[in-house]
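Asker: Structure incoming, see below.
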């Protein structure tokens with residue numbers, strides 16, 4: 001079998017300080033993503049190539065589709081709804097009320113429509129922060145919140161196995177991709193174990209998504225790459241390098257979910273570094289991977 005020719009292009013020069021949480025919205029042929037410190041949720045129309053942006057009142061770390069229309073987002077330490085038409089935000093729940101320096105980080109909706117998201121202490125510089133301040137939470141469709149565990153450093157990538165029996169999760173500073181037994185009916189998780197430990201040149205594991213073959217794709221912050229892992233064997237299957245170092249997250253989208261979209265950051269890069277990597281903070285599209293993704297799940301509340 002011949003390797004398909006992989007093509008990587010910057011489709012949007014957005015100059016995100018910290019682009020994150022890419023989500024494909026099939027209904028509008030658009031890619032949603034956030035710029036965390038810029039407090040922006042963005043929607044890039046893949047047909048018109050236009051971008052719409054909504055600015056909110058605090059760091060916005062993840063966005064997801066909502067079954068009843070519009071979106072949900074994690075803003076500061078709040079789970080919120082976002083109405084795109086009038087740009088209004090409604091708070092559904094607040095977490096970490098005792099930790100004034102915390103904020104949410106990555107989040108994603110599970111196959112039953114719960115919105116999983118974790119917190120972290122605010123960084124003083126990239127990946128420099130007070131340790132073990134974060135927790136992992138889930139917002140249920142009835143708007144109640146459950147806390148799974150605490151002592152998290154940087155709560156990051158998350159996804160679920162295709163049979164909905166395993167939850168995959170990254171705490172960036174553990175340099176590991178972890179798995180839990182997962183119960184679809186209740187949303188309960190247990191039996192944490194590592195399925196992949198990152199190698200030195202892969203740097204810091206950040207966002208993650210699963211493909212239609214059940215393999216995991218992890219964006220490596222400071223590593224300038226996405227890697228494809230087999231969570232059953234613990235082996236790395238593929239490395240795709242990008243022309244930017246601070247790759248943050250990835251998702252599948254486009255026609256039949258056959259394209260991969262990758263977000264990245266420019267926060268913490270000096271002028272000389274930015275001259276070398278002018279597309280830092282942009283949105284990248286990778287085609288020719290020869291594998292498809294699965295549609296994102298919408299929040300059910």
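From the backbone N, Cα and C atoms, a Cβ is placed for every residue, glycine too.
Any TrEMBL annotation is an automated prediction that lacks curation.
Source: prediction; values computed, not measured.
From TrEMBL, here are the annotated features:
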ACT_SITE  206  active site, proton donor/acceptor
BINDING   20, 156, 206  divalent metal cation binding site
BINDING   103, 105, 123  substrate binding site
DOMAIN    18-265  domain 'SMP-30/Gluconolactonase/LRE-like region'
Asker: What's the CA to CA span in angstrom from residue 156 (divalent metal cation binding site) over to the residue listed as 'active site, proton donor/acceptor'?
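Answerer: Cα of residue 156 (divalent metal cation binding site) to Cα of the residue listed as 'active site, proton donor/acceptor' measures 6 Å after rounding.
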Asker: Non-local Cβ contacts of residue 123 (substrate binding site) (under 8 Å, 6 or more apart, same chain)?
Answerer: 129
Asker: What is the one among the recorded positions 20, 206 whose Cβ has the most other Cβ atoms less than or equal to 10 Å away?
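Answerer: Sorting the candidates by Cβ neighbours within 10 Å, the top entry is 206.
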Asker: Just to verify a number: CA distance, residue 206 (active site, proton donor/acceptor) to residue 20 (divalent metal cation binding site), in angstrom, no decimals.
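Answerer: Answer for this pair: 9 Å between alpha carbons.
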Asker: For the recorded substrate site, enumerate neighbouring residues of the same chain (Cβ within 8 Å of the Cβ centroid of 103, 105, 123, site residues themselves excluded), in sequence order.
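Answerer: Near the substrate site, beyond 103, 105, 123, sit 36, 59, 61, 102, 104, 119, 120, 121, 122, 129, 154.
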Asker: Using the centroid of the Cβ atoms of 20, 156, 206 as reference, list every other same-chain residue with Cβ within 8 Å of it (recorded divalent metal cation site), in sequence order.
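Answerer: So the extra residues in range turn out to be 21, 105, 106, 154, 157, 170, 172, 207, 219, 221, 248, 249.
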Asker: Could you give the Cα-Cα distance between residue 20 (divalent metal cation binding site) and residue 103 (substrate binding site), in whole Å?
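Answerer: With the alpha carbons as reference points, the distance is 14 Å.
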Asker: Compute the average pLDDT of the predicted model within the domain 'SMP-30/Gluconolactonase/LRE-like region' (18-265).
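Answerer: Across the domain 'SMP-30/Gluconolactonase/LRE-like region' (18-265), the average pLDDT comes out at 97.
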